[in-house]
Amino acid sequence: MNIFDHQIKNVDKGNVVAILGAQWGDEGKGKIIDMLSEYSDITCRFNGGANAGHTISVNDKKYALHLLPCGVLYDNNISVLGNGMVIHVKSLMEEIESVGGKLLDRLYLSNKAHILFDIHQIIDSIQETKKLKEGKQIGTTKRGIGPCYSTKASRIGIRLGTLKNFENFKNMYSKLIDHLMDLYNITEYDKEKELNLFYNYHLKLRDRIVDVISFMNTNLENNKKVLIEGANAAMLDIDFGTYPYVTSSCTTVGGVFSGLGIHHKKLNLVVGVVKSYLTRVGCGPFLTELNNDVGQYLREKGHEYGTTTKRPRRCGWLDIPMLLYVKCINSIDMINLTKLDVLSGLEEILLCVNFKNKKTGELLEKGCYPVEEEISEEYEPVYEKFSGWKEDISTCNEFDELPENAKKYILAIEKYLKTPIVWIGVGPNRKNMIVKKNFNLN
């Protein structure tokens with residue numbers, strides 16, 4: 001389906017579409033972004049860094065992308081990395097090389113994006129080790145994301161635009177590295193080696209570093225079709241997520257505007273990507289978590305191990321109050337429900353439809369969510385039960401071909417969220433996607 005020219009009633013359409021994760025990440029955003037990139041002129045990243053990850057298959061070849069948007073795999077597509085990102089340039093160059101072709105000719109990097117150095121990764125590891133000893137581990141990817149955003153917020157970070165003038169970059173680099181080595185008592189760090197690498201990056205990237213704000217708005221005025229790719233997901237947002245067990249950037253719709261420099265009236269449509277069950281990596285509250293055989297079944301059948309870290313993901317039942325909270329923040333217009341096939345084989349499927357206070361019995365107010373760890377401990381899930389199905393659904397091409405119990409589960413989710421579920425993932429391959437044409441919103 002061409003997202004820029006869809007025929008769904010009561011849903012806006014236009015030239016700017018954002019695809020955002022609606023849970024704790026790992027929803028399977030890569031597949032839908034890959035499918036929709038075919039219809040876009042420009043694909044963008046606006047937040048995060050190499051702590052995100054997609055594995056995309058094109059013409060039977062797999063590509064692991066952590067910094068580049070999925071549109072890089074299409075020769076007619078321009079790719080943009082926005083100012084809200086933190087970019088480990090060595091990792092970026094390795095990704096560019098792995099994709100091959102004349103990718104650099106259609107890649108644009110914001111001059112306001114911040115550079116993530118190896119020392120940020122060292123600091124990340126130091127901080128996480130210290131927190132582990134204190135029993136306060138966050139469970140970061142140790143990719144240096146938090147420390148880089150920290151230097152940005154402290155106003156001592158270095159932007160990509162600085163790399164265009166290498167002498168100026170060298171001076172700023174030395175001051176930053178010396179400051180961080182002193183602050184974190186780092187005694188050994190090969191500055192000369194890193195500077196030599198950055199001189200090569202300066203030569204290769206100086207013409208690709210641009211004012212992305214001007215670039216984006218000029219292209220929007222020329223009616224270019226833009227697909228915006230969110231990294232991580234809503235419940236990892238630095239403000240709205242389960243703080244402090246979150247990432248360091250704005251992962252919700254507000255990050256689109258602050259991370260690309262386009263204004264809110266330009267965004268026409270938001271697609272929320274929702275896994276048919278729930279997972280999270282690392283620490284933090286998880287009210288529907290399954291520490292049992294069912295949780296292990298979902299982990300193994302769904303291959304729930306981190307793309308970036310390879311860590312096993314925690315698994316649990318789908319959480320409607322969470323999705324209603326995320327919908328409030330992001331104004332989600334459509335949903336892509338992923339990995340429905342993983343639920344095949346379960347005798348019973350539970351859907352969390354509310355939370356009840358353990359002491360008072362009071363139900364959670366619609367649109368609210370207990371993101372604080374101490375508050376989340378006061379609540380317990382209220383479940384609606386559904387019968388499972390045994391059939392292999394990976395060969396289903398239409399909604400009506402799904403088992404009755406699978407259809408009931410999908411329609412219940414749609415009813416609670418009052419948002420059309422347009423795409424349903426029924427298998428790992430690109431073709432394993434049902435496009436649903438009728439919706440249950442009453």
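Using N, Cα and C of the backbone, Cβ positions are placed for all residues, glycine too.
Annotation comment: Swiss-Prot describes 25-31, 53-55, Lys62, Thr307, Arg313, 339-341, 425-427 as GTP binding site, evidence class sequence analysis. Residues or ranges marked as Mg(2+) binding site by Swiss-Prot on the basis of sequence analysis: Asp26, Gly53. The IMP binding site annotation in Swiss-Prot covers Asp26, Glu27, Gly28, Lys29, Asn51, Ala52, Gly53, His54, Thr141, Arg155, Asn232, Thr247, Arg311 and rests on sequence analysis. Feature annotation from Swiss-Prot assigns active site, proton acceptor to Asp26. Annotated active site, proton donor per Swiss-Prot: His54, in sequence order. Residues or ranges marked as substrate binding site in Swiss-Prot (evidence: sequence analysis): Thr307, Thr308, Thr309, Lys310, Arg311, Pro312, Arg313.
On the structure: features taken from Swiss-Prot.
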residue: Gly25; record: GTP binding site; DSSP (3 states): coil
residue: Asn51; record: IMP binding site; DSSP (3 states): coil
residue: Thr141; record: IMP binding site; DSSP (3 states): coil
residue: Pro312; record: substrate binding site; DSSP (3 states): strand
residue: Asp341; record: GTP binding site; DSSP (3 states): helix
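Take the Cα of Lys310 (substrate binding site) and measure to each of the binding-site residues Thr55, Thr141, Asn232, Gly427: the nearest one is Thr141. Long-range neighbours of Asp341 (GTP binding site) (same chain, six or more residues apart, CB within less than 8 Å of its CB): Asp392, Ile393, Ser394, Gly425, Val426, Gly427, Asn432. Sequence-distant neighbours of Gly25 (GTP binding site) (same chain, 6+ apart, CB under 8 A from its CB) are Ala52, Asn232, Ala233, Leu236, Arg280, Val281. Residues Asp26, Glu27, Gly28, Lys29, Asn51, Ala52, Gly53, His54, Thr141, Arg155, Asn232, Thr247, Arg311, recorded as contacting IMP, have a largest CA-CA distance of 35 Å. It is 8 Å from the Cα atom of Lys31 (GTP binding site) to that of the residue listed as 'active site, proton donor'. Here the binding-site residues are Asn51, Thr55, Thr141, Asn232, and the one whose Cβ sees the fewest other Cβ atoms within 10 Å is Thr55. In the structure shown, across all protein chains, Lys31 is the one of the recorded positions Lys31, His54, Lys310, Arg311 with the greatest number of other Cβ atoms within 10 Å. Proximity to the residue listed as 'active site, proton donor', defined by a C-alpha to C-alpha distance within 10 angstroms, is shown by the following binding-site residues from Gly28, Arg311, Arg313: Gly28. Classification of Asn232 (IMP binding site) by DSSP places it in coil, neither helical nor stranded. The subset of binding-site residues (Asn51, Pro312, Arg313) lying with their Cα within 10 Å of the Cα of Asp26 (Mg(2+) binding site) consists of Arg313, given in sequence order. Fewest Cβ neighbours within 10 Å among the binding-site residues Gly28, Gly53, Pro312, Gly427: that distinction goes to Pro312. On its own chain, Arg313 (GTP binding site) has Asp26, Thr279, Arg280, Val281, Arg299, Glu304, Tyr305, Gly306 as residues at least 6 apart in sequence with a Cβ closer than 8 Å to its own Cβ. Cα proximity to Pro312 (substrate binding site) (within 10 Å) is found for none of the binding-site residues Gly28, Asn51, Gly53, Thr55, Thr141. DSSP assigns Gly427 (GTP binding site) to coil, not to a helix or a strand.
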